[in-house]
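Visitor: The structure that follows is given in the form of structure tokens.
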Amino acid sequence: MGSLMLLFVETTRNSSACIFPVILNELSSTVETITHFPEVTDGECVFPFHYKNGTYYDCIKSKARHKWCSLNKTYEGYWKFCSAEDFANCVFPFWYRRLIYWECTDDGEAFGKKWCSLTKNFNKDRIWKYCE
């Protein structure tokens with residue numbers, strides 16, 4: 001028996017709900033629904049936020065040309081493109097290995113570039129970014 005793929009996009013004035021792809025192949029089907037509202041330009045990024053199966057501590061570039069963030073702790077369709085002020089800040093002090101750091105460090109970085117943790121406990125969370 002062959003496969004049938006459907007693409008359904010419904011757009012309203014305030015949002016668009018995309019359902020894609022719907023593949024009907026014998027007895028199985030897959031449906032993914034994502035709701036995106038128009039960008040909220042004056043909103044504030046919420047970190048960390050949950051999107052699909054991940055938790056994000058900084059702006060992401062998932063299915064977009066530019067980095068964006070969620071305006072809710074769990075993504076509910078409200079978002080905005082990130083500006084320089086929106087990116088996650090370093091958390092000080094943070095714990096790395098057996099030391100507490102009060103500023104960016106190059107410890108453990110192969111190329112000597114300074115970095116910081118985005119949570120208080122790098123050993124547990126392993127979330128970081130390079131320092132500017």
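Each residue, glycine too, has its Cβ placed from N, Cα and C.
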Visitor: Looking at ASN14, ASN53, which residue has the N-linked glycosylation site feature per Swiss-Prot?
Guide: ASN53
Visitor: Look at the disulfide annotations in Swiss-Prot and name the partner of CYS104 from this list: CYS82, CYS90, CYS131.
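Guide: Recorded partner, per Swiss-Prot: CYS131.
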Visitor: Swiss-Prot annotation: CYS90 disulfide-bonded to which of CYS69, CYS82, CYS116?
Guide: CYS116
Visitor: According to the record in Swiss-Prot, which candidate from CYS18, CYS82 pairs with CYS59 in a disulphide?
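Guide: Recorded partner, per Swiss-Prot: CYS82.
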Visitor: May I have the DSSP-based helix, strand and coil counts for the residues of the domain 'Fibronectin type-II 2' (85-132)?
Guide: 4 helix, 14 strand, 30 coil
